[in-house]
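Chemist: Could you have a look at this structure, given as structure tokens, before my questions?
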Amino acid sequence: APCRSVLTVACEQTEVLLFDPISSKHIKTLSEAHEDCVNNIRFLDNRLFATCSDDTTIALWDLRKLNTKVCTLHGHTSWVKNIEYDTNTRLLVTSGFDGNVIIWDTNRCTEDGCPHKKFFHTRFLMRMRLTPDCSKMLISTSSGYLLILHDLDLNKSLEVGSYPILRARRTTSSSDITSSGSSGPRAVGSPCHQNNSGPLSEKTLSRPSQREGGSPRNSLEVLTPEVPGERDRGNCITSLQLHPKGWATLLRCSSNTDDQEWTCVYEFQEGAPVRPVSPRCSLRLTHCIEEANVGRGYIKELCFSPDGRMISSPHGFGIRLLGFDAHCSELVDCLPREASPLREIRSLYSHNDVVLTTKFSPTHCQIASGCLSGRVSLYQPKF
């Protein structure tokens, strides 16, 4: 929680566990929080939090009354994997393996749920994140694409064919990225859905909604991020996180043959393209490191520290603390001209099974990690 008074743990079965992160005491178990695996937990404020599950639902909970849910949200048709929250508009944003990103209006929440609408759809969706200022939405796919919605407007629903596309480095041609028709063939691994009957034209890309000197609202950029060692075989982006100051994105990638894993950091390069059809390339690979690739097939969730100076990454039966240099400098103070290796600051091993997730406390010098067998470990530095 933002106030650090509680640590919530999403479990593979139907449970949510609550701990006091300072004393390590178990507070409560929500034994039937969902009807299937609990995948993600997001605090909306110091007392209200949301959970999502493979049972296709999202549940809202209040720490002051945990015996019953505030409400259950129905709208997805497959496993729900991600929850984001815009504190300015109080809009909840979720994504699932049905390929849908759905917006929920928590301002008008009742016991029966919240008003909602489908915001975006893409194939092979894995993870979805909002930048800290909610100006961008990033979506990763199992086919190796990274989608960026620029100048984000969550109040504007993106129907099929309603968003302009900005071409980018290392993507295929626009005719390969988009569908050739609602009933025609679709390119293998294509992440986007459009209704246009042919390749995108300059007229299609240049829309009246475009503002002078910038891109249109909700303009879509399609990237295939550069990953070391995976230039020919392709990769799956399994984990996606954002720098707390919005400077960079952090990806965990595995090869399509599942024999290599990488942690990569990409700097955001701001600025609109000169023309709507010119290449944009908003991300640049700055740092990377090869991972142990223990526990093949399982997704490992990594994270930034609250100040953005360190990365905590699952590594076999433990975690590694990684920095941009040996002094844990700010990313902006040690940007290399070419991609450089992340520096290992320290390794922590306390599990008897593969570590799948790790998280820094938002306010305290503490790290939590969770492994496949259900053990949760808490770490604090010794001064």
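Including glycine, each Cβ sits where the backbone N, Cα and C put it.
In case it helps, TrEMBL gives these features for our protein:
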COMPBIAS  171-183  compositional bias 'Low complexity'
REGION    171-230  region 'Disordered'
REPEAT    31-64  repeat 'WD'
REPEAT    73-105  repeat 'WD'
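Walk me through where these features lie, including what they touch and how far apart they are.
Modeler: Sequence-distant contacts of the repeat 'WD' (31-64) (same chain, at least 6 residues past either end, Cβ-Cβ under 8 Å): 1-3, 5-6, 8-16, 70-74, 76-85, 87, 90, 92, 94, 96, 98, 104, 106, 109.
As a summary of secondary structure, the repeat 'WD' (73-105) carries 0 helix, 21 strand, 12 coil according to DSSP.
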Chemist: Under DSSP, the repeat 'WD' (31-64) has how many residues in helix, strand and coil?
Modeler: 0 helix, 18 strand, 16 coil
Chemist: If you average pLDDT over the repeat 'WD' (73-105), what do you get?
Modeler: 95
